[in-house]
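K.L.:
Below you will find the structure I want to go over with you.
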Amino acid sequence: MRDSSTTASTKSSPLWKPFASNCCSVDDQTVFGNLSRCRPSRSEFSKNHLGPLPSFRRLSFADLSRSSSARINEDLAQTLGADLVDFQMCELKMITQSFSGNYLLGEGGFGKVYKGYVDDYLRQSLKAQPVAVKLLDIEGLQGHREWLSEVIFLGQLKHPNLVKLIGYCCEEEERVLIYEFMPRGSLENHLFRRISLSLPWATRLKIAVAAAKGLAFLHDLESPIIYRDFKTSNILLDSDFTAKLSDFGLAKMGPEGSKSHVTTRVMGTYGYAAPEYVSTGHLTTKSDVYSYGVVLLELLTGRRATEKSRPKNQQNIIDWSKPYLTSSRRLRCVMDPRLAGQYSVKAAKDTALLALQCVSPNPKDRPKMLAVVEALESLIHYKDMAVSSGHWPLSPKSQGGKVSPKVRGDHRSGRKSAPGSLRS
């Protein structure tokens, strides 16, 4: 049965709004102009035609004058209406104590993320709540294009498993995004940082289902969206460990009509990107499915997608784990030792087989995300714990005399991982 949260869009009620007629964009294949140098839009972008959501090229900061910033704000306000709050920089400085280090949550390719608090004292009608304030570093890896892409996508998409964008700020060279605050941080931190308690099996499965629902929602839109950077650091967790996808800076509209794929410059994160995308630049929703399979393997094993410090045949999680994924008795040799056998044997095996299908070298052999959701939801209630069914602890024979649970647990050595909610 289809989950209603993953099929929210219908042909009679499309989610996308067209840009205002005086606003333009740049796509990887077709040039329509850009927000700082607007030209009349094409005739097909009429009031009754919902064209594909535009993506935007990086603009030099020298081009982002007062007038261009004002035009961007005007265009976004016309397009998104009251869906997002257009914050002023002085307001953001007020709620972060001028971006004080005491309020710093993390740092990554975009810049720094600070915690703040908004309410109706700051702006009338604002819901009182903590927020995450993401401040663009003008010397960083991401820029205006990614900032604008995120505003456009998250400004129009609403789903329980997508992080909520509350507002933005565009003043001269400053680019800021304001999100709902996710108190549990990123999945990356919970899986790979020693200071975090191990996630129980039921919680891992819950996270896997919720993240799959987020991707399924994007893929099942009338005009599908390819997330393009699915990884543990972009999966954020609320107080109940409900997973939400964040960081839409690399998201892209999928193929339309008779086209089987879109061709684009290869971007994303090494270890998660699908091989056909890396080699050809051909991008489909099945590219996201591959990345999802990698994250499933991380949830099962507690290992990162790539670990250069390991022996060569163990550096890539797929190459290392694949020989163990089709047998329950062999699978236990690569299960996260922090679970200590507290996982369902059947659910773990079925999850491993699903992950193996997701990372198939042939994109056509990978399942759709709606099918992934259905498969994982059927595993939630299994109670055959490995620790009580003879599958744990590992015997020396099952280990082949090579790897002990204690040694395998050392992959979380003191090396500090990058903060969660940002692209590494």
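Here the Cβ of each residue, glycine as well, is placed from N, Cα and C on the backbone.
Relevant sequence annotations retrieved from Swiss-Prot are reproduced here:
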- D229: active site, proton acceptor (ACT_SITE)
- L105, G106, E107, G108, G109, F110, G111, K112, V113, K134: ATP binding site (BINDING)
- 99-380: domain 'Protein kinase' (DOMAIN)
- Y179: phosphotyrosine (MOD_RES)
- S233: phosphoserine (MOD_RES)
- T264: phosphothreonine (MOD_RES)
- T269: phosphothreonine (MOD_RES)
- Y277: phosphotyrosine (MOD_RES)
- 390-424: region 'Disordered' (REGION)
K.L.:
Cα distance, V113 (ATP binding site) to S233 (phosphoserine), nearest Å?
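P.N.:
Computed Cα spacing between S233 (phosphoserine) and V113 (ATP binding site) is 14 Å.
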K.L.:
Compute the C-alpha separation of T269 (phosphothreonine) from V113 (ATP binding site), stating it in Å without decimals.
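P.N.:
For T269 (phosphothreonine) versus V113 (ATP binding site), the Cα atoms are 20 Å apart.
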K.L.:
Specify the secondary structure state of T269 (phosphothreonine) as given by DSSP, simplified to three classes.
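P.N.:
Where T269 (phosphothreonine) sits, the three-state DSSP reduction gives coil.
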K.L.:
Would you mind pulling the DSSP three-state label for Y277 (phosphotyrosine)?
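P.N.:
Note: Y277 (phosphotyrosine) is helical by DSSP.
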K.L.:
What is the Cβ neighbour count of T269 (phosphothreonine) at a 10 Å cut-off, with all protein chains included?
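P.N.:
T269 (phosphothreonine): 21 neighbouring Cβ atoms within 10 Å.
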K.L.:
Where does L105 (ATP binding site) sit in DSSP terms: helix, strand, or coil?
P.N.:
strand
K.L.:
Would you mind pulling the DSSP three-state label for S233 (phosphoserine)?
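P.N.:
Its secondary structure by DSSP: helix.
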K.L.:
In this structure, which of the recorded positions E107, D229 has the fewest other Cβ atoms within 10 Å of its Cβ?
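P.N.:
Relative to the other recorded positions in E107, D229, E107 has the fewest Cβ atoms within 10 Å.
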K.L.:
If you count Cβ atoms within 10 Å of the Cβ of G111 (ATP binding site), leaving out that atom itself, what do you get?
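P.N.:
If we count other Cβ atoms within 10 Å of G111 (ATP binding site), we arrive at 21.
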K.L.:
Rank the modified residues S233, T264 by the number of other Cβ atoms within 10 Å of each Cβ and report the first-ranked residue.
P.N.:
S233
K.L.:
How many neighbouring Cβ atoms, not counting its own, are there within 10 Å of the Cβ of L105 (ATP binding site)?
P.N.:
19
K.L.:
Measuring C-alpha to C-alpha, could you say which of the recorded positions G109, D229, T264 are within 10 Å of Y277 (phosphotyrosine)?
P.N.:
T264
